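Step one of this worksheet: look at the structure below.
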Amino acid sequence: MKVGIYPGSFDPITLGHLDIITRSSKVVDKLIIGVLYNSAKNALFSTEERVGMIKQVTSHIPNVEVDSFSGLLVDYAKMKNANIIVRGLRAITDFEYELQIAQANHKANPEVDTIFFTTNVEYSYVSSSIAKEFARYGSDVSQIVSPIVIEKLNEKFNHSEK
Ligand code: ADP
């Protein structure tokens, strides 16, 4: 059985992430979305909130499981019997960092390989940071996040709607 892990902060999940999830779930038997618990970044949403939103927006994809983890990704992959790591590439700027991480992970556990999905052009500018920045000032984010995420962003920023 091919088990893949798509790790990330997902603070919050965007349509760009969802596109990668939809496409990568077709090439593995099971896709585990691993929400990084102890992110160095200051997260807007708690791990539980991030996991909850991902579960809701991926509920229609049967082979997707949502989980959280802390520590080293390769250790987590081993624990989950996963040998594929899925990452998304938006631009060449993502590549340098991702290449280094993929090589380090492969070195740490040669059983684990990283596969990259290139972004759908319509989501190439989409990021969790942009979604948060736009939502903070009440700007329309319906092109970049799912309705359930819009609701949660509005709750965080105390906007009644949009
Ligand atoms: P991290 O903090 O690990 O980069 P993110 O939640 O920002 O976590 O992203 C998780 C993964 O999704 C990364 O591989 C990132 O490159 C990818 N990704 C993020 N946004 C997009 C997008 N719009 N299109 C394709 N891939 C994306």
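Backbone N, Cα and C atoms are what each Cβ position is placed from, and that goes for glycine too.
The shown structure was predicted, so the numbers you read here are calculated from the model rather than taken from an experiment.
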Listed co-binder of ATP (same site as SER9, PHE10, HIS17, GLY88, LEU89, ARG90, TYR123, SER124, TYR125, VAL126, SER127, SER128, SER129, source TrEMBL) among GLU98, GLU111: GLU98
Whole-number Å value for how far SER124 (ATP binding site) lies from LEU73 (substrate binding site) (Cα to Cα): 25
Neighbouring binding-site residues, C-alpha within 10 angstroms of ARG87 (substrate binding site) - of SER9, GLU98, SER124, VAL126, SER128: GLU98
Sequence-ordered binding-site residues from SER9, LEU73, ARG87, VAL126 with Cβ under 6 Å of an atom of ligand 1: SER9, ARG87, VAL126
SER124 (ATP binding site) CB neighbourhood, other CB atoms within 10 A: 13
